[in-house]
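*Asks:* Following this message is one structure expressed as structure tokens.
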Ligand SMILES: O=C(CO)[C@H](O)[C@H](O)COP(=O)(O)O
């Protein structure tokens with residue numbers, strides 16, 4: 001979609017020679033990786049790490065140099081998509097099932113730039129079911145604990161079976177409706193054994209580029 005591509009191209013302008021770049025996952029991040037590939041072909045010199053097997057494969061096909069995590073100290077900037085972003089740039093991520101790797105990479109990034117179309121900007125998070133990555137062991141018990149937090153948990157399916165993440169885990173899509181206290185919910189989710197990570201990215205994003213239908217780009221920053 002054009003508005004996703006516009007936001008992606010704008011974000012990639014922030015990448016400079018010598019940077020270590022985190023590559024996000026999803027249909028919006030796809031455009032960012034393609035644009036990075038275009039700039040690398042033009043001579044941009046960067047090293048990159050990817051948040052999913054899919055994004056890594058795309059990057060390799062575009063000759064973007066992917067380096068092992070052991071070879072980097074820190075990540076200068078990560079460009080990634082989101083499923084929802086509120087006014088403080090708290091996010092829901094994980095619609096593509098890559099939230100764990102995305103959060104690990106975002107947490108080691110000096111800057112996290114989010115790219116999205118206008119449909120992702122919301123007043124309050126939670127209309128999009130919150131993805132939670134859980135281990136398969138005793139998942140029935142973990143589901144009960146998730147439901148006790150006030151959601152309807154649904155195990156994500158794909159091709160007639162349970163969806164598996166790049167880490168071999170399950171994704172539970174938790175239908176909360178409007179989430180009133182994002183920080184408290186994040187803490188409660190981390191308190192459940194069996195939960196590996198959740199898709200609330202609280203206070204992590206530094207900038208949001210929103211591609212508008214009319215071709216304009218809105219830039220939002222959190223009020224911190
Ligand atoms: O968090 C993600 C993947 O885990 C994606 O960034 C999120 O789902 C947005 O995807 P898209 O750009 O395809 O709408």
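Here the Cβ of each residue, glycine as well, is placed from N, Cα and C on the backbone.
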*Asks:* Per TrEMBL, which of 13, 110, 120 sits in the substrate site along with 25, 26, 27, 28, 80, 81, 82, 83, 93, 94, 95, 96?
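*Replies:* Of 13, 110, 120, 120 joins 25, 26, 27, 28, 80, 81, 82, 83, 93, 94, 95, 96 in the substrate site that TrEMBL records.
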*Asks:* Give me the count of other Cβ atoms within 10 A of the Cβ belonging to residue 80 (substrate binding site).
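*Replies:* Result for residue 80 (substrate binding site): 31 other Cβ atoms within 10 Å.
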*Asks:* Could you tell me which of these binding-site residues, 93, 120, has the greatest number of Cβ atoms within 10 Å of its own Cβ?
*Replies:* 93
*Asks:* Quick one: what's DSSP say for residue 102 (active site, proton acceptor), helix, strand or coil?
*Replies:* helix
*Asks:* If you measure C-alpha to C-alpha, which of 27, 95, 120 (binding-site residues) come within 10 angstroms of residue 102 (active site, proton acceptor)?
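*Replies:* Of everything listed, nothing lies within 10 Å of residue 102 (active site, proton acceptor) (Cα to Cα).
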